[in-house]
């Protein structure tokens, strides 16, 4: 695994379609959610209203009157003023319309919960840019990009909705989010318990900070996914790195690698680390999107894509050339399952510049997640967690240095037992589950485990191929939400 790129590519799952210039250790600090394609169509057409709310740029200072328009979406087809509820999606690091169209669970349960659906865009993403074209100009303009400010936006928006929508004032609100959005949903319930009666935090790695979990747990889970999906699959990948290193020592070897991997551009010796990072990122992405049915994010993928990949990686005890030819076949499943791609492009691609820049700044300030590999418990080249290296890159890119302890100071780390009404769901296939809450903390801080689930599978729309484990998870989640709604109305009745 790359010396400084490992940490960053682990988080680089925001749609790669625009190239931007970022320092090496910042490039892959993309995001926690799945790769997104702005041109991809949702599985089911969604009907919603697009609205805007004027937010303060700084909720915590009193010497500025600067405001910006936060975008949010509302769908009220099934909402009932009597006995209804509001499901509030705490927006992630990206365009809110994509999250709206790809969080089918909320749409599926809206009628049952008599719910209005609200999807709130996170500041500094999508159209919710506090300083317009100057939003990413420098660290002074980015200074208000924090989870705390985003949570305050959500609180102000909920107050606005309850003030302005007849019938909404006395209804319970439930926060829902996935990945970073799931972290925000949990933190919102912790920090603003009077605003939401509960939270569903799907695939939310709230403990992937400091030393709360081992730094190698993420890549260990990725490796387990491949090991369980085919005999000798992970071992083939583990041996591929040395094969690449040996073949790249000569000009003829580089030429052979370029052809064998069907790359769009000739490899040079300076490209090898990037090549290995790109391959590693592919295996990580596959672990996140290992869904039980065909899906389409960056490109079409088959059902259970890791099993398909592992069909080509059954024998690690072959020559370097044959092993890497097999690696190409495996990569081709991810990058060219449709058969439309003529060559594989390892040149740097990331999300739209604004989205990637926003998240790389967050990863340089408060969202500091340690990652490492050792090549023994995982199938990657050894890489140690190096905070100083990250800090130096962040300072050169943004003029800021990370505060690795701030998230645990703000939100409590593992000391959260005083909070209530949060469901933490995690898929066992999802590498982010290593930093998630996977065991009940109290009777009201509940963990739901999905044995056949990848990254927030439970938030996706229902599918005929959904495994029993995700059906049970969704059923449990709805049951908890119904209990929160019932308790809210019971309490309101007693007060009158």
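Backbone N, Cα and C atoms are what each Cβ position is placed from, and that goes for glycine too.
Annotation source Swiss-Prot lists signal peptide at 1-21.
Annotation note: residue 47 (N-linked glycosylation site) sits in a coil segment as assigned by DSSP. Listed in sequence order, 75, 77 are the same-chain residues at least 6 apart in sequence whose CB falls under 8 Å from the CB of residue 47 (N-linked glycosylation site). Taken from Swiss-Prot, the feature N-linked glycosylation site covers 47 (among others).
Residues or ranges marked as N-linked glycosylation site in Swiss-Prot (evidence: sequence analysis): 101 (among others). In the shown protein chains, 22 other C-beta atoms lie within 10 A of the C-beta of residue 101 (N-linked glycosylation site). For the recorded site, residue 101 (N-linked glycosylation site), the DSSP three-state label reads helix.
According to Swiss-Prot, the active site, charge relay system annotation covers 179 (among others), on the basis of sequence analysis. A sphere of 10 angstroms centred on the C-beta of residue 179 (active site, charge relay system) encloses 27 other C-beta atoms.
Helix, strand and coil counts under DSSP for the region 'SKS domain' (194-334) come to 79 helix, 10 strand, 52 coil. Taken from Swiss-Prot, the feature region 'SKS domain' applies to 194-334.
Swiss-Prot lists 215-372 (among others) with the feature disulfide bond, giving similarity to another entry as the kind of evidence. DSSP assigns residue 372 (disulfide bond) to coil in the three-state reduction, outside any helix or strand. Summarising the environment of residue 372 (disulfide bond), the number of other Cβ atoms within 10 Å of its Cβ, over all protein chains shown, is 20.
As annotated by Swiss-Prot, disulfide bond applies to 233-310 (among others), with the evidence given as similarity to another entry. In this view, residue 310 (disulfide bond) is surrounded by 25 other Cβ atoms within 10 Å of its Cβ, with every protein chain counted.
Look at Swiss-Prot and you will find 264-343 (among others) tagged as disulfide bond, backed by similarity to another entry. Residue 264 (disulfide bond): 13 other CB atoms within 10 A of its CB, across all protein chains.
Neighbour list (residue 317 (N-linked glycosylation site), Cβ cut-off 8 Å, at least 6 residues apart, same chain): empty. The N-linked glycosylation site annotation in Swiss-Prot covers 317 (among others).
Under a cutoff of 8 A between CB atoms, and with a sequence separation of 6+ in the same chain, the neighbours of residue 336 (N-linked glycosylation site) are 299, 344. Per Swiss-Prot, the feature N-linked glycosylation site maps to 336 (among others); the stated evidence is sequence analysis.
Per Swiss-Prot, the feature N-linked glycosylation site maps to 345 (among others); the stated evidence is sequence analysis. Counting every protein chain shown, the number of other Cβ atoms lying within 10 Å of the Cβ of residue 345 (N-linked glycosylation site) is 13. In the three-state DSSP scheme, residue 345 (N-linked glycosylation site) falls into the coil class.
Residue 364 (disulfide bond) falls within neither a helix nor a strand when secondary structure is assigned with DSSP, and so counts as coil. As annotated by Swiss-Prot, disulfide bond applies to 364-394 (among others).
When secondary structure is read from DSSP and collapsed to three states, residue 415 (N-linked glycosylation site) falls in the coil class. Annotation source Swiss-Prot lists N-linked glycosylation site at 415 (among others).
Its Cβ taken as reference, residue 430 (active site, charge relay system) is surrounded by 28 other Cβ atoms within 10 Å in the chains shown. Look at Swiss-Prot and you will find 430 (among others) tagged as active site, charge relay system, backed by sequence analysis.
DSSP assigns residue 455 (active site, charge relay system) to coil, not to a helix or a strand. The active site, charge relay system annotation in Swiss-Prot covers 455 (among others).
Geometry remark: residue 345 (N-linked glycosylation site) versus residue 179 (active site, charge relay system), CA distance 28 Å.
Nearest by CA distance to residue 310 (disulfide bond), out of the recorded positions 179, 364, 372, is 372. Cα distances from residue 179 (active site, charge relay system) to the recorded positions 233, 415, 430, 455 are smallest for 455. Taking the C-alpha positions, the distance from residue 101 (N-linked glycosylation site) to residue 372 (disulfide bond) comes to 34 Å. Proximity to residue 430 (active site, charge relay system), defined by a C-alpha to C-alpha distance within 10 angstroms, is shown by none of the disulfide-bonded residues 233, 264, 343, 364.
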